[in-house]
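Per Swiss-Prot, the features are:
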{"type": "ACT_SITE", "residues": "ASP11", "note": "active site"}
{"type": "ACT_SITE", "residues": "ASP130", "note": "active site"}
Amino acid sequence: MIKKRIIPCLDVKDGRVVKGIQFKGLRDIGNPVDLAMYYNEAGADELVFLDISKTEEGHSLMLEVIEQTASRLFIPLTVGGGIQSLDDITQLLNHGADKVSLNSSALKNPQLIKQASDKFGRQCICIAIDSYYDPERKAHYCCTTGGKKMTNIKVYDWVQQVEQLGAGELLVTSMGHDGMKQGFDIEHLANIKSLVNIPIIASGGGGNAQHFVELFDQTDVSAGLAASILHDRETTVQSIKEVIRQGGIAVR
(Lines of atoms letter the chains of each structure in order from A; the text may use other names.)
(Lines give C-alpha, C1' and ligand atoms only; values in the text may rest on other atoms or scores of the structure.)
Protein backbone atom coordinates (compact mmCIF):
# COMPACT_ATOMS: atom_id res chain seq x y z
CA MET A 1 0.00 0.00 0.00
CA ILE A 2 1.29 3.45 -0.92
CA LYS A 3 1.60 5.52 2.23
CA LYS A 4 -0.26 8.82 2.38
CA ARG A 5 1.61 12.12 2.61
CA ILE A 6 1.07 15.29 4.63
CA ILE A 7 2.38 18.38 2.87
CA PRO A 8 2.57 21.87 4.41
CA CYS A 9 1.96 24.67 1.91
CA LEU A 10 3.70 28.03 2.22
CA ASP A 11 2.27 30.95 0.23
CA VAL A 12 5.21 33.32 -0.26
CA LYS A 13 4.75 36.99 -1.16
CA ASP A 14 7.78 39.25 -1.52
CA GLY A 15 9.93 36.90 0.53
CA ARG A 16 7.45 36.38 3.41
CA VAL A 17 4.98 33.58 4.15
CA VAL A 18 1.36 34.80 4.16
CA LYS A 19 -2.04 33.13 4.54
CA GLY A 20 -5.58 34.17 3.68
CA ILE A 21 -9.07 32.69 3.73
CA GLN A 22 -10.60 31.74 0.39
CA PHE A 23 -7.63 33.46 -1.29
CA LYS A 24 -8.33 36.84 0.43
CA GLY A 25 -7.21 38.84 3.49
CA LEU A 26 -3.52 37.92 3.62
CA ARG A 27 -1.67 38.04 6.93
CA ASP A 28 2.04 37.64 7.63
CA ILE A 29 3.08 34.24 9.01
CA GLY A 30 6.87 34.43 8.98
CA ASN A 31 10.17 33.73 7.25
CA PRO A 32 9.88 31.00 4.59
CA VAL A 33 13.30 29.45 5.20
CA ASP A 34 12.70 29.24 8.97
CA LEU A 35 9.23 27.76 8.46
CA ALA A 36 10.51 25.26 5.90
CA MET A 37 13.16 24.09 8.38
CA TYR A 38 10.53 23.81 11.11
CA TYR A 39 8.33 21.58 8.93
CA ASN A 40 11.33 19.58 7.76
CA GLU A 41 12.08 18.74 11.41
CA ALA A 42 8.39 18.27 12.24
CA GLY A 43 7.89 15.28 9.94
CA ALA A 44 6.46 16.83 6.77
CA ASP A 45 6.75 14.50 3.76
CA GLU A 46 7.16 17.31 1.24
CA LEU A 47 6.82 21.08 1.06
CA VAL A 48 5.00 23.30 -1.40
CA PHE A 49 6.05 26.91 -1.95
CA LEU A 50 3.56 29.02 -3.91
CA ASP A 51 5.01 32.36 -5.01
CA ILE A 52 2.16 34.87 -5.01
CA SER A 53 4.39 37.95 -5.45
CA LYS A 54 3.16 40.52 -7.96
CA THR A 55 6.54 42.00 -8.89
CA GLU A 56 9.83 40.99 -10.50
CA GLU A 57 11.58 41.84 -7.22
CA GLY A 58 9.26 39.46 -5.42
CA HIS A 59 9.95 36.66 -7.89
CA SER A 60 13.72 37.26 -7.60
CA LEU A 61 13.49 37.03 -3.81
CA MET A 62 11.76 33.68 -4.31
CA LEU A 63 14.79 32.21 -6.08
CA GLU A 64 16.94 33.18 -3.08
CA VAL A 65 14.40 31.60 -0.71
CA ILE A 66 14.37 28.36 -2.74
CA GLU A 67 18.15 28.17 -2.86
CA GLN A 68 18.54 28.81 0.88
CA THR A 69 15.81 26.29 1.69
CA ALA A 70 16.77 23.51 -0.71
CA SER A 71 20.37 23.42 0.52
CA ARG A 72 19.12 22.48 4.01
CA LEU A 73 15.98 20.49 3.20
CA PHE A 74 15.80 16.68 3.23
CA ILE A 75 12.32 16.37 1.71
CA PRO A 76 11.04 17.14 -1.81
CA LEU A 77 10.22 20.78 -2.57
CA THR A 78 7.56 21.79 -5.09
CA VAL A 79 7.48 25.40 -6.25
CA GLY A 80 4.65 27.12 -8.09
CA GLY A 81 3.37 30.58 -8.93
CA GLY A 82 4.21 32.87 -11.83
CA ILE A 83 5.87 30.17 -13.94
CA GLN A 84 5.45 31.14 -17.60
CA SER A 85 8.05 29.24 -19.60
CA LEU A 86 10.51 26.37 -19.84
CA ASP A 87 13.23 28.86 -18.87
CA ASP A 88 11.38 29.66 -15.64
CA ILE A 89 11.16 25.94 -14.85
CA THR A 90 14.86 25.44 -15.60
CA GLN A 91 15.73 28.30 -13.24
CA LEU A 92 13.61 26.91 -10.40
CA LEU A 93 14.99 23.38 -10.75
CA ASN A 94 18.54 24.76 -10.92
CA HIS A 95 17.93 26.68 -7.68
CA GLY A 96 16.88 23.50 -5.88
CA ALA A 97 13.19 22.82 -6.56
CA ASP A 98 12.39 19.12 -7.08
CA LYS A 99 9.07 19.75 -8.80
CA VAL A 100 7.26 22.70 -10.31
CA SER A 101 3.57 23.45 -10.11
CA LEU A 102 1.89 25.03 -13.15
CA ASN A 103 -1.54 26.63 -13.09
CA SER A 104 -2.53 29.75 -15.09
CA SER A 105 0.24 29.33 -17.67
CA ALA A 106 -0.85 25.75 -18.40
CA LEU A 107 -4.47 26.82 -18.88
CA LYS A 108 -3.36 29.53 -21.32
CA ASN A 109 -0.91 27.24 -23.11
CA PRO A 110 -1.58 23.53 -22.50
CA GLN A 111 1.38 22.57 -24.71
CA LEU A 112 3.67 23.94 -21.99
CA ILE A 113 2.76 20.82 -19.98
CA LYS A 114 3.87 18.50 -22.76
CA GLN A 115 7.05 20.49 -23.45
CA ALA A 116 7.96 20.57 -19.75
CA SER A 117 7.18 16.90 -19.26
CA ASP A 118 9.25 15.92 -22.30
CA LYS A 119 12.20 18.06 -21.20
CA PHE A 120 12.29 17.53 -17.43
CA GLY A 121 10.32 14.30 -16.92
CA ARG A 122 6.73 13.74 -15.84
CA GLN A 123 7.77 13.36 -12.20
CA CYS A 124 8.80 17.06 -12.10
CA ILE A 125 5.50 18.45 -13.37
CA CYS A 126 2.58 19.07 -11.02
CA ILE A 127 -0.54 20.81 -12.31
CA ALA A 128 -2.28 23.01 -9.75
CA ILE A 129 -6.00 23.50 -10.19
CA ASP A 130 -8.01 26.16 -8.35
CA SER A 131 -11.47 24.64 -8.61
CA TYR A 132 -14.55 26.80 -8.19
CA TYR A 133 -18.10 25.44 -8.16
CA ASP A 134 -20.40 27.71 -10.17
CA PRO A 135 -23.92 27.17 -8.78
CA GLU A 136 -25.55 28.76 -11.83
CA ARG A 137 -23.90 26.38 -14.28
CA LYS A 138 -23.82 23.52 -11.76
CA ALA A 139 -20.22 22.59 -12.58
CA HIS A 140 -16.66 23.07 -11.32
CA TYR A 141 -14.50 25.45 -13.35
CA CYS A 142 -10.76 26.18 -13.33
CA CYS A 143 -9.69 29.60 -12.07
CA THR A 144 -6.54 31.53 -12.92
CA THR A 145 -4.50 34.35 -11.38
CA GLY A 146 -4.56 33.04 -7.84
CA GLY A 147 -8.23 32.16 -8.00
CA LYS A 148 -9.36 35.60 -9.19
CA LYS A 149 -10.59 34.79 -12.71
CA MET A 150 -12.92 31.94 -13.60
CA THR A 151 -12.33 30.30 -16.98
CA ASN A 152 -14.80 28.33 -19.08
CA ILE A 153 -12.66 25.21 -18.69
CA LYS A 154 -14.41 22.51 -16.69
CA VAL A 155 -12.25 20.85 -14.03
CA TYR A 156 -13.31 17.31 -14.98
CA ASP A 157 -12.30 17.88 -18.62
CA TRP A 158 -9.04 19.60 -17.69
CA VAL A 159 -7.73 16.89 -15.34
CA GLN A 160 -7.98 14.29 -18.10
CA GLN A 161 -6.33 16.60 -20.62
CA VAL A 162 -3.34 17.41 -18.41
CA GLU A 163 -2.74 13.74 -17.64
CA GLN A 164 -2.62 13.00 -21.38
CA LEU A 165 -0.22 15.94 -21.90
CA GLY A 166 2.25 14.53 -19.37
CA ALA A 167 1.44 15.89 -15.92
CA GLY A 168 2.84 13.67 -13.16
CA GLU A 169 0.65 14.91 -10.33
CA LEU A 170 -2.35 17.15 -9.59
CA LEU A 171 -2.68 19.67 -6.77
CA VAL A 172 -6.40 20.38 -6.46
CA THR A 173 -7.61 23.29 -4.32
CA SER A 174 -11.35 23.49 -3.69
CA MET A 175 -11.71 27.26 -3.47
CA GLY A 176 -14.95 27.21 -1.51
CA HIS A 177 -13.23 25.18 1.21
CA ASP A 178 -9.88 27.05 1.29
CA GLY A 179 -8.95 28.30 4.76
CA MET A 180 -12.41 27.42 6.13
CA LYS A 181 -11.17 24.43 8.17
CA GLN A 182 -14.49 22.62 7.64
CA GLY A 183 -13.14 19.53 5.90
CA PHE A 184 -12.05 18.62 2.38
CA ASP A 185 -14.34 18.57 -0.67
CA ILE A 186 -14.55 14.77 -0.56
CA GLU A 187 -17.07 14.17 -3.34
CA HIS A 188 -15.29 16.47 -5.80
CA LEU A 189 -11.88 14.91 -5.08
CA ALA A 190 -13.25 11.38 -5.42
CA ASN A 191 -14.79 12.33 -8.77
CA ILE A 192 -11.46 13.68 -10.02
CA LYS A 193 -9.60 10.58 -8.83
CA SER A 194 -12.01 8.38 -10.79
CA LEU A 195 -10.98 10.19 -14.00
CA VAL A 196 -7.17 10.03 -13.72
CA ASN A 197 -4.42 7.60 -12.73
CA ILE A 198 -1.84 10.15 -11.53
CA PRO A 199 -1.46 11.07 -7.83
CA ILE A 200 -3.61 13.86 -6.40
CA ILE A 201 -2.72 16.26 -3.59
CA ALA A 202 -5.90 17.58 -1.96
CA SER A 203 -5.99 21.17 -0.78
CA GLY A 204 -8.59 23.34 0.90
CA GLY A 205 -10.47 22.63 4.11
CA GLY A 206 -8.16 20.58 6.34
CA GLY A 207 -9.16 21.96 9.75
CA ASN A 208 -8.20 19.09 12.04
CA ALA A 209 -6.60 15.66 11.92
CA GLN A 210 -9.96 13.92 11.53
CA HIS A 211 -10.52 15.74 8.24
CA PHE A 212 -7.37 14.05 6.90
CA VAL A 213 -8.64 10.66 8.09
CA GLU A 214 -11.91 11.27 6.21
CA LEU A 215 -9.99 12.41 3.13
CA PHE A 216 -7.86 9.26 2.96
CA ASP A 217 -10.68 6.97 4.05
CA GLN A 218 -13.21 8.21 1.49
CA THR A 219 -11.00 9.04 -1.50
CA ASP A 220 -7.90 7.55 -3.09
CA VAL A 221 -5.91 10.79 -3.13
CA SER A 222 -2.21 10.45 -2.30
CA ALA A 223 -1.65 13.47 -0.08
CA GLY A 224 -3.30 16.20 1.94
CA LEU A 225 -2.09 19.78 1.92
CA ALA A 226 -2.22 21.81 5.12
CA ALA A 227 -1.57 25.48 5.71
CA SER A 228 -3.79 27.37 8.20
CA ILE A 229 -3.90 24.72 10.93
CA LEU A 230 -0.14 24.21 10.83
CA HIS A 231 0.90 27.86 10.53
CA ASP A 232 -1.38 28.80 13.42
CA ARG A 233 0.16 25.93 15.44
CA GLU A 234 -3.30 24.50 16.11
CA THR A 235 -1.77 21.10 15.50
CA THR A 236 1.43 19.54 14.14
CA VAL A 237 2.29 17.25 11.25
CA GLN A 238 3.08 14.45 13.69
CA SER A 239 -0.23 14.86 15.54
CA ILE A 240 -2.13 14.63 12.24
CA LYS A 241 -0.17 11.52 11.27
CA GLU A 242 -0.81 9.88 14.64
CA VAL A 243 -4.58 10.29 14.25
CA ILE A 244 -4.39 8.99 10.66
CA ARG A 245 -2.50 5.89 11.87
CA GLN A 246 -5.11 5.34 14.59
CA GLY A 247 -7.68 5.39 11.79
CA GLY A 248 -5.92 2.39 10.25
CA ILE A 249 -4.45 4.33 7.33
CA ALA A 250 -0.80 3.93 6.31
CA VAL A 251 1.03 7.24 6.44
CA ARG A 252 4.71 8.02 5.92
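Think of each number as a place in line: the chain as shown, counted from 1.
Heads up, the Cβ atoms here are built off N, Cα and C, so glycines get one too.
Least crowded of the active-site residues (ASP11, ASP130), judged by neighbouring Cβ atoms within 10 Å of its own Cβ: ASP11.
Counting in whole angstrom, ASP130 (active site) lies 14 from ASP11 (active site) by their C-alpha atoms.
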